[in-house]
């Protein structure tokens with residue numbers, strides 16, 4: 001009986017620590033999701049504003065080209081549909097999100113030059129950098145869920161090439177269109193992955209997309 005009473009304070013402390021860690025994890029998830037939602041909305045606005053400067057025929061032609069082309073981030077292995085996203089582990093979704101955000105740190109310098117808005121290069125880079133730091137904290141805090149990455153997960157960490165800079169200056173309209181379309185596409189991906197990961201770590205019973 002005495003041993004039981006001695007263990008009770010230890011168990012209570014452990015419980016409080018576990019609860020505190022879970023609350024901090026949710027706080028970080030909330031911040032990360034809010035930040036990527038902001039970036040996704042920003043990407044959508046930038047893309048729509050750019051499309052608004054194009055002629056209808058020009059817009060249709062660029063859309064056809066983009067559907068047949070690819071984004072540089074397509075080399076980062078990620079779930080191809082909602083079903084795969086639902087099956088992916090929290091840690092896998094976090095690693096993919098980190099890699100996608102990281103892949104835009106350099107192209108974002110060009111991204112801000114394509115638009116005449118109030119967002120400067122440093123602000124865009126700062127938004128991406130802050131989100132990357134937050135996702136990295138979440139990865140460290142959730143390492144215990146999956147001790148190590150499997151072979152498929154490790155493919156996401158391949159070096160990132162600067163595809164967008166190689167499109168050339170002779171076709172700036174196409175280059176800017178693809179840049180903005182890919183940025184919007186990737187921010188949507190990250191928003192989806194972080195939202196699913198956040199739900200998995202919460203008490204919500206239904207995390208379907």
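Heads up, the Cβ atoms here are built off N, Cα and C, so glycines get one too.
Quick look at what Swiss-Prot annotates:
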BINDING   38, 191  Zn(2+) binding site
DISULFID  71-182  disulfide bond
DISULFID  199-207  disulfide bond
SIGNAL    1-22  signal peptide
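Considering only the recorded positions 38, 191, 207, residue 71 (disulfide bond) has 191 as its nearest partner by CA-CA distance. For the pair residue 207 (disulfide bond) and residue 191 (Zn(2+) binding site), the C-alpha distance works out to 14 angstrom. Rounded to a whole value, the Cα-Cα separation of residue 191 (Zn(2+) binding site) and residue 199 (disulfide bond) is 12 Å. A C-beta separation below 8 Å, combined with a sequence spacing of at least six in one chain, links residue 199 (disulfide bond) to 207.
The two recorded residues, residue 38 (Zn(2+) binding site) and residue 182 (disulfide bond), have Cα atoms 16 Å apart. Of the listed disulfide-bonded residues, namely 71, 182, 207, the sparsest Cβ surroundings within 10 Å are found at 207. Secondary structure from DSSP puts residue 207 (disulfide bond) in coil.
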